[in-house]
Each structure stands twice: as structure tokens, then as C-alpha cells.
Amino acid sequence: MVVAAGAGMGIDSGLRFGNMGSPEAFQQRPAAVWGVYGHQLNLYRAATPHAGFGLLHAWGQRMQQGCFVFTSNIDGHFQKAGFTPARVYECRGSIHRLQCADNCKGPIWSTTDLRPQVDEAACEWRGELPTCPRCGALARPNILMADDWQWNATRSAQQRMLLDMWLDSVQAPLVLEIGAGRAVPTVRNFTRRMQLRGSRLIRINLHEANIHNPRDIELALGAKQALQALEAHLVSQGSTNHSKEKADGDAPRI
């Protein structure tokens, strides 16, 4: 099973991804941009993944080949919900990782020891700004921004390699696409490639669910509501259908 998740996946956890600015903004207005980032990081740390994450995790554990996540989200909530980090590809990076703003080719490092202190009224970072441990330049989140030529893609490339290796080991896994719109089609483009490989698709999207393909399923619902409805359907069908889905990756009949 593949979970392909966009921004709509996090809405039921109370998450809204704010504009993190541009790479140039970290150089031009570092305290202000770091204030936005620090505020966002605090919110993501405090938020709890909604019940739909747990359902996806449980379904993945029942699959013979497990589950892999492709997500454009930077919140780290799949890992927080118990998904194996080695089975998550974050195509835009993570809010929980930092890199050198000058991309000095130093390591990407965790925000575990970072405790953002933000002046909420002014929306500015208070105190010393984080710096690169290798060269001492300003640090920035390891997130792909617009027109971003300084993004260190090393970690994301490693995740993508693991995804490609896993896909080569399975045959046409079921794809659950959740909360991925057309405006930024990264997740939908991946989903389309999976369909061309023979995968069945369940698309969950409150406003843009249309598939126009009788082989696949569209659910015009929010992420949590749709996943809970799928779970209720699976429970009502009993363990026989669960076993069949585990064996052949068919989409559940709704």
C-alpha cells in the first residue's frame, strides 16, 4: 500500500502550512522569517496526528509488503503517528530538519535541541539565530521553497531512493491519495505514475475528488472522515475481505 498525502491530510490535526518565505528572505529579514518558522515549528510539535493516521498505520501493518508514504507535507506527522521513518518520503523536506542557508554542503541536522522563542506580537525570533555547525553561516529549515537553489536535497534524495527500491519489490500496490490538490500537483503527478504502473487508486479530497475512472474510487470527504468511513466499511465486510486486500492489493468495494 502507498499513501500519497498532500496538505489536506493535516487539516483535521489543526495544521495549516504557512508561507515560509524564500531563501533570500532568510538573508534579508532573518529575525522575521525565523519568527514565522519558529512559530510554525512550535505548532507542529504541539499538534497530535488525527485518528486517520492511526488507521493508515494499522492497514499498512496488515499488508504483506507493508506501506510506504509519499508526502509533500513537512510536518513529520506520519513519523509521529508511528510510521517507520525509512518508509516515508518527504519530497519537500521537513520542518524538523535544518541546513546551512548558504548550502555549504555540510550535514543536515535535527531541530531536537532547538527551542524557538518567538515574540508573537512582532512575529520575530528572540535571541541568537541558529547557525550552521560546519561554517557558522545562518541556518534555515531543510524545506524546498519557491525558486530555491540552496536547498540541500541529500536527505530527500535518500528517502526517494528507498521508495524506488521498495516500489521495485512490489507489484501495483494500492494507492491512497489524500488531500492532494491540483494547484501544486506534485503528489498527483506521483499518483498518476503509479496508475500507469497498474496501481488502483482511492482518491480522498473534499473539493477535487474527481477521477473519471471506473477502476478507482473517489471520496469527496475530509481525510479523517473518509478514512474512518473506509475502516467502518472494512469492519462491516469482515476478516475475509481484509485477507483478500492483504493478498492482492485490491481497492475495497464501497
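A Cβ is built for glycine as well, from the same backbone N, Cα and C atoms used for every other residue.
Just so you know, TrEMBL annotations never went through curation; they're auto-generated.
Since we're looking at a predicted model, the values are computed, not measured.
These come from TrEMBL:
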- C100, C104, C132, C135: Zn(2+) binding site (BINDING)
- 242-254: compositional bias 'Basic and acidic residues' (COMPBIAS)
- 1-237: domain 'Deacetylase sirtuin-type' (DOMAIN)
- 235-254: region 'Disordered' (REGION)
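Considering other CB atoms within 10 Å as the measure, the emptiest surroundings among the binding-site residues C100, C132 are those of C132. Same-chain residues with CB within 8 A of the center of the C100, C104, C132, C135 CB atoms, the Zn(2+) site residues themselves not counted, are A101, D102, N103, K105, G106, P133, R134, G136, A137, A139. As a whole-number mean, the pLDDT of the domain 'Deacetylase sirtuin-type' (1-237) in this prediction is 94. Taking Cβ-Cβ distances under 8 Å and a sequence gap of 6 or more within the same chain, the neighbours of C104 (Zn(2+) binding site) are C132, R134, C135, A137.
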